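Sharing a structure with you now.
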Amino acid sequence: MLPRLLLHERFISFNFSFENLFFKITPSICSFSSSSDAAPVLRDIFWWNSAIMRCFRIGEVENACKMFEEMPHRNIVTWNCMIAGYVKNFRLVDAQSIFDLMPHRNVVSYAALMTGFLQDGRVEEARNLFDNIPERNVVCWNSLISGYISNGRIRGARKLFDNMPSRNSVSWSIMVSGYIHQKKLDQAFKLFMQSPFHPTTLCNALLSGYIELGCLKEAEDLFARMESRDAVSWNSMITCYSRAGKMELAQQLFDEMPEKDVISWTAIIRGHLQNGNVKHASRLFEDMPSRDVMSWNTMVGGFVQNGLLDDALNLFNRMPNRDIVSWNTILQGFVHNNDVANARKWFENMPQRSETSWNTLISGYQTIEALGLFCDMVKEGFKPDQVTLVIVISVCGSLVALGWGRMLHLYVIRTGYELDILVTSSLISMYSRCGFVEDSSKVFHSMPKRDTIAWNAMISTYAYHGFAKEAIELYKKMILSNFHPDHATFLNLLLACSHKGLIDEGFRYFISMKEEWKLAPRAEHYSCLVDLLGRHGFIDQAYKLTEKVPEDLQTNSWETLLSACQVHRHLEVGELTAKRVFDKKHSDGGMHVLLSNIYAAKGKWSEASQIRALMREQGLKKETGCTWIEVNGKIFYFVSNDRSHPQVEKICRELDSIFFMLEGIC
């Protein structure tokens, strides 16, 4: 996330809001009134321009185009409105066409189109356009520098900065914040010290950057050195302490503030909520001299995050004014409580919905209902975003619904999300779960940019499908590409080694994770290490290793070892391991069945019967095995010994309907 001041500058430089860029007009002039009395007065060029702007603002692009064609006269503002409007609605080709047709251009014309190029990642074209601006002002320079930074070209941004004929405080803030965003703290501070401007806003930019990167000491030092502080400075530091879990210091700072605004109160309340101190946050909330809808939403959200849905509902009912965030927060609470039925009812009763509303509800389902909701979302005119696509593609992977997954892949391409790293990473995982390693590989290698999640997704694909060599080679390429592995990376490597019996390599990676990359092993890493030994018959060594695992991380390892004991019919270690498992986890029927099977495999039928009898006494059951298969876009579920499927006809009807909708969307 970019520091606040840089985001603010990007808003100034990139968005080119119609009011700020061109002119401000009264609501009456913006009106589309066509009454015979008003129309002759209002329908001058200002009326036409404002009407076009309003159409673009609410997404009615075709109406804006129609009005542009019908205009009796146009001025340069009209043409600039069209360029900025097309850019705002991501129609860069149309914006460029209008630019090329303009009889005359000014700096706003160039700047508006340059914004479109930068937002689309076409930095070179933006630079060429910038070079052709007849008279460049500092805003144009700032816009281009900000665009370079947003596209990861920090060196090019610095070169432009150094060549600026004149700079303002915003110029310095953009460059300082850019270095912080690239985690180049030394260069950020060095440039900050060179600045002839040391206004509070520039200090706040550096302070905000430190806070975003979790640099507590640097933030404290800068805050202490600031000659003047405004509310933003104090609020930022309160947020910094809150994120670091230092709520005593955050509260002390809040108490020392000379003037507190509603943002200050909200910041300290949010800090207490994030650190689990709900009661203190509630007291502060009740003591607030004034509240806005954000402070109400913060408190409602805090109740939800801490599992207090009833309190959240009570506060929601007290709210004098509610917005869509208020409704979405309660919806999220129902979903987090796995109460999908009430979540659906709440969703249906919402006065308005957003993409977040749909995403929240869809995330509550891991079945075909999620795909049906996705189709409904599109049909009702909402645009699926990154979150939507990741959720529904993941559902396709969970259901092994390859046909639907391919159609969603096509939808991703048609909507431009194939450049989104999270979406493409979910496609890699989806194809992997469906067993199509080659398709996962194609998606991975077609990615123009990758992050650790993408690398992990592909390493995981190779690991789960037994391609240990390929997983290890890809890991080496990941390191050479200057990406840092995380816990998931090493879990995948350990799985790859376990599946292929690469015991020495597995232990080397485990040691590397701790010593070289300073990552503390989690329960699943120890479990994989036990599996690495137990799977290949080293039961005694696996038992000794499990005994050395930190006690609070042992449960999964003992269960893994018990499974290995069954496979290798190792009764002695199996009995010892089962005792450890039952001490840790009393109600797992599956573990009892494993021990019973070990006895049975050794011919100890009496002991096996005793375990089964104990299960009956305690009411323990092993979950029934379940599998499913996709045929012609339909998913059929089967359980062990299932010889009939009374729900097939109903499922077929549901899937036919959803599949038809998906085909229409894609």
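Using the three backbone atoms N, Cα and C, a Cβ is placed for every residue, glycine included.
Pulled these from TrEMBL:
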type	residues	note
REPEAT	75-109	repeat 'PPR'
REPEAT	137-171	repeat 'PPR'
REPEAT	199-229	repeat 'PPR'
REPEAT	230-264	repeat 'PPR'
REPEAT	292-326	repeat 'PPR'
REPEAT	451-485	repeat 'PPR'
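Set these features in their place in the structure for me.
Confidence annotation: the repeat 'PPR' (137-171) carries a mean pLDDT of 90 in the model.
Helix, strand and coil counts from DSSP across the repeat 'PPR' (199-229) read 23 helix, 0 strand, 8 coil.
Sequence-distant contacts of the repeat 'PPR' (230-264) (same chain, six or more residues past either end, CB-CB distance under 8 Å): 4, 200, 203-204, 207-208, 210-211, 214, 216, 219-220, 223, 270-272, 274-275, 277, 288, 290-292, 294-295.
Broken down with DSSP, the repeat 'PPR' (292-326) shows 26 helix, 0 strand, 9 coil.
When DSSP labels each residue, the repeat 'PPR' (451-485) comes out as 26 helix, 0 strand, 9 coil, counted as helix, strand and coil in that order.
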May I have the DSSP-based helix, strand and coil counts for the residues of the repeat 'PPR' (230-264)?
26 helix, 0 strand, 9 coil
Sort the residues of the repeat 'PPR' (75-109) into helix, strand and coil with DSSP and give the three counts.
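Split into helix, strand and coil, the repeat 'PPR' (75-109) gives 26 helix, 0 strand, 9 coil.
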For the repeat 'PPR' (451-485), could you work out the same-chain residues 6 or more beyond its ends whose Cβ comes under 8 Å from its Cβ atoms?
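Residues 421-422, 424-426, 428-429, 431-432, 435, 437, 440-441, 444, 492-493, 495-497, 499-500, 502, 505, 513, 517, 519.
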